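K.L.:
Not my notes, these are from TrEMBL:
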- 22-34: compositional bias 'Low complexity' (COMPBIAS)
- 47-63: compositional bias 'Acidic residues' (COMPBIAS)
- 95-105: compositional bias 'Acidic residues' (COMPBIAS)
- 118-376: domain 'BOP1 N-terminal' (DOMAIN)
- 1-106: region 'Disordered' (REGION)
- 383-424: repeat 'WD' (REPEAT)
- 633-663: repeat 'WD' (REPEAT)
- 695-720: repeat 'WD' (REPEAT)
Amino acid sequence: MSAGSLPGKRRLEPDLELQIQEPPLLNDPDSSLSDSEESVFSGLEDSGSDTSEEDSEEVAGCDEDNHRAEETSEEQAQAAPRPRTEEAGALTRDEYEEDSSDEEDIRNTVGNVPLAWYDEFPHVGYDLDGKRIYKPLRTRDELDQFLDKMDDPDFWRTVQDKMTGRDLRLTDEQVALVHRLQRGQFGDSGFNPYEPAVDFFSSDIMIHPVTNRPADKRSFIPSLVEKEKVSRMVHAIKMGWIKPRRPQDSTPSFYDLWAQEDPNAVLGRHKMHVPAPKLALPGHAESYNPPPEYLPTEEERSAWMQQEPVERKLNFLPQKFSSLRTVPAYSRFIQERFERCLDLYLCPRQRKMRVNVDPEDLIPKLPRPRDLQPFPVCQALVYKGHSDLVRCLSVSPGGQWLASGSDDGTLRLWEVATARCMKTVPVGGVVRSIAWNPNPAVCLVAAAIDDAVLLLNPALGDWLLAGSTDQLLEAFTPPEEPTLQPARWLEVSEEEHQRGLRLRICHGKPVTQVTWHGRGDYLAVVLSSQGHTQVLIHQLSRRRSQSPFRRSHGQVQCVAFHPTRPFLLVASQRSIRIYHLLRQELTKKLMPNCKWVSSMAVHPAGDNIICGSYDSKLVWFDLDLSTKPYKVLRHHKKALRAVAFHPRYPLFASGSDDGSVIVCHGMVYSDLLQNPLLVPVKVLKGHTLTRDLGVLDVAFHPTQPWIFSSGADGTIRLFS
């Protein structure tokens with residue numbers, strides 16, 4: 001055995017190796033340890049072991065090393081070429097002195113147990129002396145393995161032995177065996193799976209039997225098991241459990257559905273049972289000699305011939321014969337007999353339940369409009385002064401003043417009670433949206449003109465309120481380091497200040513809508529652009545602007561703040577998304593199933609939403625119920641331009657291009673088990689169609705059951 005193949009033995013120390021006198025045969029270069037053997041046990045000294053074992057090995061180190069060197073010299077001397085005399089002398093030795101029955105030195109001495117049990121230990125078993133057999137150190141990383149793979153042409157045939165942890169190189173025979181097994185062939189290459197079959201028994205009758213063994217004695221005695229089986233079969237045949245096989249009759253069988261019909265049977269007693277249809281008894285018209293009043297005249301005969309066969313009362317014309325012998329054969333006999341068979345065959349076996357429902361019961365019982373008052377019923381005032389279509393309007397929180405914007409480039413302020421124009425402010429552009437600050441302590445109006453939002457102090461009513469609003473705006477101190485914002489806050493000129501303008505918020509894109517938060521410090525604007533900057537939120541007290549979204553989900557049509565919670569509702573062409581501003585996440589997505597959403601309004605309680613669309617639909621959403629519409633109203637004939645909720649009364653309204661305003665009663669109950677009650681109560685008309693446009697905006701009075709509407713005819717109308 002070689003010095004590196006003894007299990008559990010450590011290598012010789014350098015000073016002890018020099019003291020051993022090796023025989024001349026050890027100087028052969030082949031006697032040195034191979035690289036694989038050195039690599040396997042190169043880390044035995046570094047691997048951790050008990051101190052007691054190290055001390056015992058150091059004491060007996062010299063004796064063991066001397067003995068190891070002697071064994072090595074003996075093995076190498078045997079491997080070297082020897083004369084015939086030495087070979088003859090070797091025959092006289094003990095043949096079991098060197099047992100090489102094992103083909104390979106199996107290093108796994110742990111027994112028939114999984115080698116994974118020793119993953120956390122430095123050894124893989126024990127030798128005969130009870131010493132540990134340590135694992136080979138594998139400190140090679142993936143880079144070293146890759147370099148070995150590129151340098152070694154036989155790396156593809158190298159596998160790791162799970163029993164010993166060594167790298168084995170497969171021979172050509174082993175590789176060929178693996179390839180045959182992968183292809184589903186037999187492991188033995190010389191095995192022929194298609195050898196010719198040998199018939200052990202032939203069809204030729206042989207004279208002599210195959211075996212000359214005499215028959216058993218029990219073959220002449222009847223079997224008791226078979227006797228029991230036969231007795232069981234005989235008993236089954238007697239009882240009728242087993243019936244003989246009879247040939248099936250291929251002739252079809254016909255049966256009469258009503259042949260054995262009994263009125264006292266189960267079907268006869270059933271009240272929905274249909275008895276067999278019976279032919280009507282023949283009348284006088286079918287007689288061969290009918291009375292004269294049954295014979296048709298020439299006019300009746302010609303009229304019968306011109307009628308359709310389905311419309312005729314009789315399938316034949318009564319005729320008179322002198323005797324029964326002269327009556328010819330009936331031409332439609334076979335056809336009528338066939339129809340009679342169809343009547344019997346296709347007759348329903350059970351009557352169809354007919355639902356006796358009054359059509360009036362199908363109409364839901366809605367309360368009368370008289371019981372749902374108050375709501376606007378007639379036109380009270382007309383506000384005239386604009387020379388072009390009025391796109392938008394807004395009512396002050398107290399309900400005393402009204403602001404309107406038109407395409408004529410002016411913003412007008414009206415007194416609600418008298419329809420008098422109190423102030424006209426030229427803005428030099430189309431006013432697309434206008435909103436009065438909902439905070440009663442702030443007198444401020446926001447208007448969207450082109451790419452800017454103008455903040456206007458109307459200076460109407462209480463002068464103290466107007467003065468406190470100016471002081472609030474002038475108290476702002478700009479920060480020392482201005483931050484980058486998506487909009488620019490500019491002060492107005494002295495001339496514009498005299499007209500009532502206070503601030504100008506400039507954007508890079510046209511502004512289509514402006515709306516205030518319920519507390520009056522924030523306002524949201526919608527820009528006519530593509531991308532995530534379609535919606536901006538401005539803070540009035542700090543004069544800051546921010547873009548709340550990082551990406552867009554289509555073209556934004558309108559936005560609205562939730563009246564009680566920090567939600568922002570964003571309506572695109574096909575959907576309405578509700579965002580939580582504090583958490584900065586999407587809370588809910590509503591699908592109105594409309595082609596193009598045009599407007600949106602939130603119920604004062606915040607649990608319901610209505611939206612109008614250009615395909616003449618008004619959709620009601622119950623946020624506590626579902627993301628799909630609770631009810632879809634199709635009262636208008638043309639596109640809806642605006643919808644609005646009343647802040648106090650259970651009313652909502654919609655304005656359309658057909659020139660009408662429909663007011664509906666919308667009661668929302670506090671009981672979650674009761675659905676909202678939606679009842680249309682009034683259709684208000686008064687606007688004339690101009691350029692195919694009708695009502696462009698609607699707004700309710702904050703305290704009274706009144707509604708304002710602005711139209712394309714340049715007028716504003718108050719319905720009370």
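Note that Cβ sites are derived from N, Cα and C of the backbone, with glycine treated the same way.
Mind running through what each feature is packed against?
P.N.:
In the predicted model, the repeat 'WD' (383-424) has a mean pLDDT of 91.
Within the same chain, residues 374-376, 598-604, 610-620, 678, 680-689, 692-700, 702-703, 705, 707, 709, 711, 719 sit at least 6 positions outside the repeat 'WD' (633-663) and bring their C-beta atoms closer than 8 Å to a C-beta of that stretch.
Residue counts for the repeat 'WD' (695-720) by DSSP state, with H, G and I taken as helix and E and B as strand, are 0 helix, 16 strand, 10 coil.
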K.L.:
For the repeat 'WD' (633-663), jot down how many residues DSSP puts in helix, in strand and in coil.
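P.N.:
Residue counts for the repeat 'WD' (633-663) by secondary structure: 0 helix, 17 strand, 14 coil.
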